[in-house]
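Participant: Mind looking over this structure? Questions follow.
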2 protein chains.
Amino acid sequence: MSSLILALDVYERERALEIARETADYLWAIKVNWPLLIGSGLGIIPELKEETGLPVIADLKLADIPNTNRLIASKVFEAGSDYIIAHGFVGSDSVRAVMELGKTIIVVEMSHPGAREFIQPVTDGLIELANQLEPFGVIAPATRPERVSYIRSKLKPGIKVITPGVGAQGGKVGEVLKAGADYIIVGRSIYASDNPRESARRIYEEVKAWS
Amino acid sequence: MSSLILALDVYERERALEIARETADYLWAIKVNWPLLIGSGLGIIPELKEETGLPVIADLKLADIPNTNRLIASKVFEAGSDYIIAHGFVGSDSVRAVMELGKTIIVVEMSHPGAREFIQPVTDGLIELANQLEPFGVIAPATRPERVSYIRSKLKPGIKVITPGVGAQGGKVGEVLKAGADYIIVGRSIYASDNPRESARRIYEEVKAWS
């Protein structure tokens, strides 16, 4: 089984479905974000699943009070999403509201410069929160393999580590997998390539070689 | 001018438009959240504006990396939203990405129990971030007037304080306005009332008496 996730950050429904179809053979799952969901409606989720047979991860970065998180998550799970990504920093009750409805992935670290201000100082607390709640997985940045390795070492064994930032953002497949990532997320290097299928195949082979 | 904001947390387009029409005379603005936006599409924003002539605040609680915040915000501002609510927790670059596109309101404190874990310990830092970036306003919970008063005292004078939690959640109009709130957000006490127009009028009169 592949451990490659496609970040399908294109915003036209037709283009999204086309790239998903072309690359599905090499993927474990497809990740969608708000721009595609608001451009195409939640109906894009069942369409992607039907076209590819793959799970869909809704990268909502949910960060609201428990009741609002619950309302948003229930609509997105009902649409067919298999996983939802939620922020841990809003607290365990907000995350629990999502987990009660379906499989959840918690953000425990981010790698953009602004993440140094408030997120990175509390990564240990966010890992602790994940260990208490035992979600499906956590998000940790592939651009900092030493942090992936740190997070893996602190995290309960059953919780998956899922890493965005491989490819265009600089994360290296081999380094990130060696650091303990279970799944890697690749976006631009696949969807913005001249030949998305061939790019997905190449990254898939690289992942296989390292797994 | 009213300083009352309606949190329009109903999820059927028709019902949303009906309540907005009935209550518009007593409102400064209408706040919409993701459940209505994904249920009705972004088209609900221009429809609400056209029906009421009021500004719309999109309560997205944006909390992604700068580029993704920018993509989401650009679609929502283009749809006609006048203000977007973003989290300060993800850092100043992520907030700045939204502010470059339109008027922004930053969350500096939340009042659900889970907010005690990571948000409340850094409220001072989030206020500092707001003072540096000078957004239109900040969000601070009406359920804790002493915190509204603290945040107001630390915040640059031009930045508005906008407070959810009045009414069903327990916040009192008079206390919150005395504490320094510029705008109060009321949801359930209006939209879930038997007579939304009459409830909005009553709260509007109360706000006027205290202003």
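Including glycine, each Cβ sits where the backbone N, Cα and C put it.
TrEMBL: automatically predicted annotations, no manual curation.
Fair warning: this is a prediction, and the values are worked out from it, not measured in the lab.
Pulled these features from TrEMBL for this protein:
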- A:D59: active site, for OMPdecase activity (ACT_SITE)
- A:K61: active site, for OMPdecase activity (ACT_SITE)
- A:K61: active site, proton donor (ACT_SITE)
- A:D64: active site, for OMPdecase activity (ACT_SITE)
- A:D9, A:K31, A:59-68, A:S111, A:164-174, A:187-188: substrate binding site (BINDING)
- A:3-203: domain 'Orotidine 5'-phosphate decarboxylase' (DOMAIN)
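Mind running through what each feature is packed against?
Facilitator: A:D59 (active site, for OMPdecase activity) has a Cβ environment of 27 other Cβ atoms inside 10 Å.
All protein chains considered, the CB of A:K61 (active site, for OMPdecase activity) has 25 other CB atoms within 10 Å.
Mapped onto three states, the DSSP output places A:D64 (active site, for OMPdecase activity) in coil.
Annotation note: A:G167 (substrate binding site) sits in a coil segment as assigned by DSSP. Taking the Cβ of A:G167 (substrate binding site) as reference, residues of its chain lying under 8 Å away and at least six apart in sequence are, in sequence order, A:V186, A:G187, A:R188, A:S189, A:I190, A:I203.
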Participant: Take the C-alpha atoms of A:I65 (substrate binding site) and A:D59 (active site, for OMPdecase activity) and report the distance between them in angstrom, rounded.
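Facilitator: That separation, Cα to Cα, works out to 17 Å.
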Participant: When a 10 Å sphere is centred on the Cβ of A:G187 (substrate binding site), how many other Cβ atoms does it contain?
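Facilitator: There are 21 such Cβ atoms around A:G187 (substrate binding site).
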Participant: When DSSP states are folded down to helix, strand and coil, where does A:D9 (substrate binding site) land?
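Facilitator: Assignment for A:D9 (substrate binding site) reads coil.
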Participant: Inside 10 Å of the Cβ of A:I65 (substrate binding site), count up the other Cβ atoms and send me the figure.
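Facilitator: Cβ-Cβ neighbours of A:I65 (substrate binding site) within 10 Å number 23.
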